[in-house]
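Q: Here you go, one structure.
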Amino acid sequence: MKLLQASVCLISLVLVLPSIFAASSSEDFDFFYFVQQWPGSYCDTQKSCCYPTSGKPAADFGIHGLWPNYKDGTYPSNCDDTKPFDSSTISDLVSSMKRNWPTLACPSGSGEAFWEHEWEKHGTCSQSVINQHEYFQTSLGLKQKTNLLGALTKAGINPDGNSYSLESIRGSIKASTGFTPWIECNRDGSGNSQLYQVYLCVDRSASGLIECPVFPHGKCGAQIEFPSF
């Protein structure tokens, strides 16, 4: 009888553990990276790009994602497969998302596969703070608030194919937003280093920008190109 009871307890524990793990994973993070990418630098690499089915996006930074992170530089991912992406929950945001969060991956798409990936890999790990609609709505609000292209052009840094100092790019964004960005570079088809993505940090409640507790790895040259799109 005792053996049977022990077996039942063990089976119950095995069944409950995954749900406990999923719940704790979705709550366990320290801050967010809010990441925006320059489409010209995505498209002029050897890999190239495909415009979304709605047409060529505007020449502006597009959202890549809102990513929960730990202060040690690691991050949680794919925290809850019981909460898949549901496009019906963001129906009121879709037109804005097509403009501000466009897909550039090939083959051409509406953007839904991109948004699904971002929600399921990153968004599911923030559900203790924001639900699916709030995840996308918060990201759209952060893009409008930070206005990266406006910050750069105000400082005379334009997407014209010329090179600008990394310090001037970083400084102009900090002057505009009040917080230090991290700049990610990639290389164009000729191997030139260029401005690719901008990381800003958001507090754990997703209510506002903060100074980043830790920056990602990697570095850019002292001078980087800002390609046209």
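Glycine residues also receive a Cβ, built from the backbone N, Cα and C atoms like all the rest.
Residues or ranges marked as signal peptide by TrEMBL: 1-26. Residues or ranges marked as active site by TrEMBL: His64, Glu118, His122.
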Q: Under 8 Å Cβ-Cβ from His64 (active site), six or more apart in the same chain: what's there?
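A: Result: Val35, Gln36, Gln37, Glu118, Gln197.
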Q: Fewest other Cβ atoms within 10 Å: which of the active-site residues Glu118, His122 wins that one? Let me know.
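A: Counting other Cβ atoms within 10 Å of each of the active-site residues Glu118, His122, the minimum falls on Glu118.
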